[in-house]
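Q: Handing you a structure now.
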C-alpha cells in the first residue's frame with residue numbers, strides 16, 4: 001500500500017489527510033461557535049445620560065463592539081466598506097424628547113448583505129436598547145405612581161418565552177459543521193473511487209480491492225462521527241453506530257455515481273468536473289441553509305439526486321430524539337443492484 | 001513575433017481540442033449558474049410548519065392565533081396536540097416549531113398583569129428558527145400594544161395621547177433591502193465560481209502543455225506566458241461580464257456601485273487568478289488531481305470570504321488567505337461595489353495587484369524550471 005501511495009501521493013492525501021484537513025479546517029472557521037464583538041457604528045448626537053446609558057447597554061452585549069462615529073458620512077462609509085455591520089443614531093435632544101413624553105424615533109440601519117450576521121445582531125441590539133429604555137420607562141411609571149410590582153406588566157403585557165429545541169445555544173459550529181462534514185465526506189468517497197480506477201495499485205485488481213477502499217472510507221466516516229460527537233449533541237446514552245451504518249447507503253450511492261462516471265469512458269479530469277458539479281452544491285440542497293419546503297420544486301427534485309439530501313433529515317432527527325426512520329433511505333438502497341452490476345463489470 | 005504567433009496558433013488548436021477544458025468552461029459555467037441559485041430562488045423562508053397548543057381557548061388567545069396565522073412566516077399544521085408530542089415532533093424535525101398559549105392567558109391580561117406566550121423552534125435550521133421567532137415576537141408585540149392602549153383608555157386617557165413618551169426603533173436594512181438569500185450569497189458565490197473554473201482551466205492547460213516537450217520550451221518565459229494569457233483570459237473576461245452583469249440582473253440581484261470601480265478590481269483579479277493557475281498547474285503532474293484540489297478548497301474559500309462568517313470571529317490564519325487567494329479580495333470588492341454602494345476599494349485593488357506581482361514572479365520561476373526540467377526533444381509530438 002505504501003509504495004502505491006508514494007507513487008500516487010494525491011490519492012494518499014485524499015485517503016489519509018484530506019478528511020482531517022478539510023473538515024478540521026472548516027471546524028476552525030466556526031470554532032468560536034457564535035460570532036462575538038461584531039462592530040457596530042454608534043452615532044451619539046445627544047450626549048446625554050440616557051444616550052450614554054444606551055451605549056453602555058449595547059457595549060455590555062457580547063455580540064456587539066461599539067465604534068463611535070462623529071458624522072453620518074463616517075457611519076455610512078463604515079457600513080459601505082463592511083467595517084461595521086450596523087449603524088445606530090441617537091438624535092439630538094433624544095433625552096429631552098423622552099422627558100417631554102413626546103414620541104422618539106431611534107434609527108438603526110444594518111447591513112442586510114451580511115444576512116446571517118444581521119440576524120445574529122438583530123436580537124442583541126433590540127434587547128440592549130429595550131433594556132436601556134425600560135429603565136427610563138420604569139422611572140416614568142414610578143413618577144406616575146405605578147407600584148413597582150405592577151410595572152413589568154405595564155411595560156410589556158405580552159411576553160414571549162422563546163426556546164431553541166435542538167442546538168439550544170444556537171451554535172453555528174453545531175449548525176453547519178456536521179452537514180459540511182457529510183458533504184466533504186461524500187466528495188472524498190467519489191474522488192477516491194475515481195482515482196482508484198484511474199491509477200490502481202500495481203498488481204491488484206481494482207474490482208477486488210474496491211471493497212477495501214470503501215471500508216477505509218467508511219472507517220473515516222466512523223472516526224468523523226466520533227470526533228464530531230460534541231457537535232452532534234445526541235441525546236444522552238444514544239449510540240453513534242446507527243448514524244455510521246446509515247452512511248453505508250450514502251456511500252453505496254456515491255460509489256454507484258463514481259462507477260457510472262467511470263463507465264462513460266471520459267478523461268479523468270472530465271469525470272472529476274462532472275462529479276464535482278453533482279456533489280459540490282450538496283450543502284445548498286440539504287435544506288440546512290434554506291428549508292427544503294421553501295425551495296422551488298425543481299430544486300427539491302435535483303436535491304433528491306444528491307445522496308446526502310436523503311441522509312441529512314435522518315441525521316437531524318437522530319440528533320433530536322435519538323431515533324430516525326432509516327427506511328427513508330430506500331431510494332439509495334434501490335441503487336444496490338446497479339452498484340453490484342457496475343462493480344462486477346469494472347476492470 | 002512570428003514564433004509567438006506560431007506558438008499561439010499551436011496552443012489555440014490544442015485548446016479547442018481539449019475537451020476537458022471545454023467541458024469545464026462551458027458545462028461548469030452553465031450548470032453552476034443554474035444549480036447554485038436554484039434552491040434560493042424564493043429568496044426568503046416562507047411559511048414554516050408550526051404546531052399550535054392553545055390551552056386558553058379565549059378570545060384573546062384566538063386573536064393572537066389569527067395574528068400569527070396572518071403572518072407570512074408561520075403556518076399552523078396541527079392544533080391541540082399535547083406539549084410533549086409537539087416538542088417531540090419539533091425535535092424529530094417533523095415540524096419546525098411550536099407555539100403554546102398557556103391557560104389563564106386572557107385572565108392575566110384582564111387583571112392588569114402580564115401573560116407569556118411560549119414559542120420553540122428547531123435550532124438545527126437557523127432560517128426557520130429566525131422566521132418563527134420574529135413572527136411570534138411581532139404578533140405578541142402587536143397584541144401587547146393593543147392591551148396597553150385598552151388599559152390607558154380604561155384609565156380615562158385620551159387615545160390621541162396614548163403614544164406619549166413612546167420610543168420607535170426604526171430598524172431597517174441599509175443593503176439587501178428584501179433580506180433575500182440570493183442577494184446575500186450570489187455576488188460572492190459567482191465570483192468564487194469564476195475563480196475556481198478559471199483556476200481549473202488555466203491549471204489543466206498548463207499541465208497539458210508542460211508535461212510534454214515542445215516549442216514552449218524554446219520560447220522566452222514572457223512569450224510563453226503571454227501566449228497562455230491571451231488564450232485563457234479573454235474567455236473569462238466574457239464569462240465575468242456575463243455572470244456579474246446580465247446573469248445577476250436576471251436573478252433580480254440589484255446592483256449599486258460604478259462599473260469603472262468594478263472593472264478596476266476585475267482586471268487584477270483576472271491576471272492574479274491566471275498567474276495563480278499557472279503556479280498551481282506547474283506543481284501538479286495529473287490534471288484530475290489538480291481539479292480535485294480545487295473542488296476541495298471551494299468550501300473553505302467560501303466560508304472564509306467574510307460575508308458568511310465574520311472576519312472578527314475567524315482564526316487569523318484564515319484571514320491570511322485574503323492576501324494570497326484572489327477570490328477573497330474580489331468577493332469582498334464585489335459585495336462592496338454591487339451591494340453596499342461603497343467605492344473605497346483601493347486596499348482591495350492593491351491586494352490584488354500585489355498578488356499579480358507575487359504570483360507573476362512565482363509563475364515565471366516555475367515556468368522556467370519546467371522548461372529546463374522537461375527533456376527537450378523535438379522528435380516527440382507536440383502536446384495536444
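Any Cβ shown, glycine's included, is placed from N, Cα and C.
What TrEMBL shows for this protein is this:
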type     : residues  : note
DOMAIN   : B:21-364  : domain 'ABC-2 type transporter transmembrane'
TRANSMEM : B:21-41   : transmembrane segment
TRANSMEM : B:184-209 : transmembrane segment
TRANSMEM : B:221-245 : transmembrane segment
TRANSMEM : B:257-281 : transmembrane segment
TRANSMEM : B:293-311 : transmembrane segment
TRANSMEM : B:347-367 : transmembrane segment
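Provide an account of the burial state, proximal residues and distances for the features listed.
A: Sequence-distant contacts of the transmembrane segment (B:21-41) (same chain, at least 6 residues past either end, Cβ-Cβ under 8 Å): 15, 180-182, 185-186, 189-190, 193, 197, 200-201, 204-205, 235, 239, 243, 247, 251, 291.
A Cβ distance under 8 Å defines the sequence-distant neighbours of the transmembrane segment (B:293-311), meaning residues of its chain 6+ beyond its ends; these are 184, 188-189, 192, 195-196, 199-200, 203, 280, 284, 318-319, 321-322, 325, 327-328, 331-332, 335.
Same-chain residues lying 6+ beyond the ends of the transmembrane segment (B:347-367) with a Cβ under 8 Å from its Cβ atoms: 210, 221-222, 224-225, 264-265, 268-269, 271-272, 275-276, 278-279, 282-283, 322-324, 326, 329-330, 332-333, 336.
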